[in-house]
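*Asks:* Have a look at this one before I ask anything.
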Amino acid sequence: MGDHKNQGFQNPRHVVKKVLARPQHEGDGAIVRRSIGRGELRNLDPFLMLDEFSVSAPAGFPDHPHRGFETVTYMLEGAFTHQDFAGHEGTIRAGDLQWMTAGRGIIHSEMPAGEGENKGLQLWINLSSKDKMMEPRYQELQSKDISRVEKHGVDVRIIAGESFGVRSPVYTQTPTMYLDFTLHPGAEVHQHIPQPWNSFVYIIEGEGVFGDPNASPTTRHHALVLGPGDGLSAWNRAARPLRFVLIGGQPLNEPIVQYGPFVMNAQAEIQQAIEDYHYCKNGFEKAKNWKSQPHMN
Ligand code: FJE
Ligand code: FE
């Protein structure tokens with residue numbers, strides 16, 4: 001639960017690792033800043049990847065498959081259009097959310113739809129062995145449908161989980177929290193995080209002090225991995241707004257075998273995924289003769 005009181009935690013979480021997400025090429029001509037999923041931070045159970053993307057047409061992420069995890073796309077600026085092999089299609093804009101549970105299989109395209117730079121965050125959340133082959137599912141929320149709380153210079157958008165007593169309607173197959181905080185100059189926040197969960201912060205804008213009031217400030221494009229404890233405290237001592245996401249999840253504690261867009265528990269299951277994709281079976285049936293429509297720009 002979010003806490004508006006000026007008090008910390010019995011057992012505050014401290015920053016145990018700081019990673020700068022440097023730009024790298026992905027998809028078709030796209031640039032992403034990867035924090036989780038890069039060499040220094042392979043994964044943070046249950047999280048497999050966090051990319052901050054900034055893409056302008058004609059670059060993008062053309063037709064590609066997924067199996068065994070969820071992709072969560074949260075737009076910061078501009079728009080992105082998705083199309084999948086089951087006929088699901090839509091455009092998400094700044095503040096909108098697409099929570100896609102790929103389960104046994106999705107093939108889709110994700111392409112920029114706005115002029116100029118189209119920016120957002122894409123998080124990959126692993127699914128437990130019992131859920132990896134579930135039916136695919138989408139949860140889409142427009143910006144106006146995402147709950148927001150403003151209190152004492154703190155503005156939080158509740159994408160998943162709960163803050164300040166307000167709960168997101170998003171169902172998280174793997175228990176997850178995802179909060180988008182803006183702290184105005186001078187503001188601070190104390191956010192509860194369930195004890196056994198792994199958690200991290202990713203800074204979008206401004207600079208902030210995290211975990212320990214005496215820590216030095218961290219700027220944008222950095223991920224901060226949090227150690228054990230019952231919550232995170234953050235302070236904005238700068239003259240401009242601080243925006244960051246706080247993401248936490250219950251670890252699965254299962255073996256991870258990843259081959260690009262397929263994430264399973266064993267090598268044999270990866271072989272199976274490659275075969276299923278190749279022969280359009282076990283969840284990839286609709287791949288037969290499917291291609292995304294050309295994009296408007
Ligand atoms: C993918 C390479 C990729 N980060 N951020 C390999 F680029 C992708 C992929 C994405 C992606 C898509 C969006 Cl909209 C935003 C992203 C990687 O699509 F899935 C594999 N396997
Ligand atoms: Fe994708």
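Start at 1 and count along the chain as shown; that gives each residue its number.
From the backbone N, Cα and C atoms, a Cβ is placed for every residue, glycine too.
Grabbed the feature section from TrEMBL, which reads as follows:
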type: BINDING; residues: His64, His66, His108, Glu110; note: Fe cation binding site
type: DOMAIN; residues: 32-125; note: domain 'Pirin N-terminal'
type: DOMAIN; residues: 178-283; note: domain 'Pirin C-terminal'
*Asks:* Averaging the per-residue pLDDT over the domain 'Pirin N-terminal' (32-125), what integer do you get?
*Replies:* 97
*Asks:* Rank the binding-site residues His64, His108 by the number of other Cβ atoms within 10 Å of each Cβ, and give the residue at the low end.
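*Replies:* Each of the binding-site residues His64, His108 was scored by Cβ atoms within 10 Å; lowest is His64.
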*Asks:* Just to be sure I understand the packing, how many Cβ atoms besides its own are within 10 Å of the Cβ of His66 (Fe cation binding site)?
*Replies:* 24
*Asks:* If you draw a 10 Å sphere on the Cβ of Glu110 (Fe cation binding site), how many other Cβ atoms land inside?
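*Replies:* Around the Cβ of Glu110 (Fe cation binding site), 27 other Cβ atoms lie within 10 Å.
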*Asks:* Other residues with Cβ within 8 Å of the Cβ centroid of His64, His66, His108, Glu110 at the Fe cation site?
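*Replies:* Going along the sequence, the neighbours come out as Phe61, Asp63, Pro65, Thr71, His82, Asp84, Ile106, Ile107, Ser109, Pro261.
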